[in-house]
Amino acid sequence: MVGTALLRLLRYSLYLTIIFLAVIELIVDAVAIGGLNNLRGANVSAQRGATGYTMFVTLATLLLIPLIAFSTLLANRGLGFTSKLTTVINEVVIASVFTVLWFVAGVVMAVKSRGSCLGFSFCHKLKAATAFAWLPFFAFLFLTIALVLIMRSVRANGGSLNTPTHAIENNMEAGHSPAVAVPPQHPATSFAPDTSKNEGVYYGSNPQVNMPSPTANPQ
């Protein structure tokens, strides 16, 4: 079992890394789009489409991922819906979707910029946008793997996949299993008291006490 400190460090560091890389991609992609607006040619429209798609994925990342990374803080501020985003199953789905989106962005940018910007001043800017598009993909890939391991650990211990990730971390920090479900208490179940120590008698939830039988009226 991965320690709680390492689990938190891995999860939050990957989220922060993704946000940082998305900000860089936003800048370099915006510069590349600005350079394309001043050009004309057969490949320019295809390059605009590639950079436009990458910009869309970048903005979607910057809008959604901070809500997950800072969900606990935002929930305390009154944004309770953010807690639903951080359930184990939802985080796995979101990370998997963004892994695919960034993979497509990296492939499209690589295909459209390959050998097509030679001789233009914005060539290095377009190639920089292409290179940085692959970095969030690898970050999301590592995040997806980490979240899948967390999900398997929760399922192996009988926990619910709708449990928020921070609740699982808190249970692990307290020394409990990631499982959240508590076995039901049956009132009809009784157990024998432990009288081995001189600490009084402890009864179950349904104690059986022998009441003294009534005696004859005293004379």
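Just so it is clear, glycine is given a Cβ too, placed from its N, Cα and C backbone atoms.
Sequence annotations record features per position, and here TrEMBL assigns transmembrane segment to 12-33, 53-76, 88-111, 131-151. What TrEMBL records for 18-144 is domain 'MARVEL'. TrEMBL lists 185-219 with the feature region 'Disordered'. Under the heading compositional bias 'Polar residues', TrEMBL lists 205-219.
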### Summary
Outside the transmembrane segment (53-76), at least 6 residues beyond either end, the same-chain residues with a Cβ under 8 Å of its Cβ set are 12, 15-16, 18-19, 22-23, 25-26, 29-30, 33, 82-83, 85-86, 91, 94, 98, 101-102, 104-105, 108-109, 129, 133, 136, 164, 166
### Query
In the same chain, who gets a Cβ under 8 Å from the transmembrane segment (131-151) while lying at least 6 residues past its ends?
2, 7, 10-11, 14-15, 17-18, 21-22, 24-25, 28-29, 54, 61, 88-89, 91-92, 95-96, 98-99, 102-103, 105-106, 109, 161, 165, 168
### Same-chain residue ranges lying at least 6 outside the transmembrane segment (12-33) that approach it to Cβ under 8 Å
48, 51-52, 54-55, 58-59, 61-62, 65-66, 68-69, 122, 125-126, 128-129, 132-133, 135-136, 139-140, 142-143, 146
### Task
Check the domain 'MARVEL' (18-144) for me and report the mean pLDDT.
85
### Counts of helix, strand and coil residues, the domain 'MARVEL' (18-144), according to DSSP
103 helix, 1 strand, 23 coil
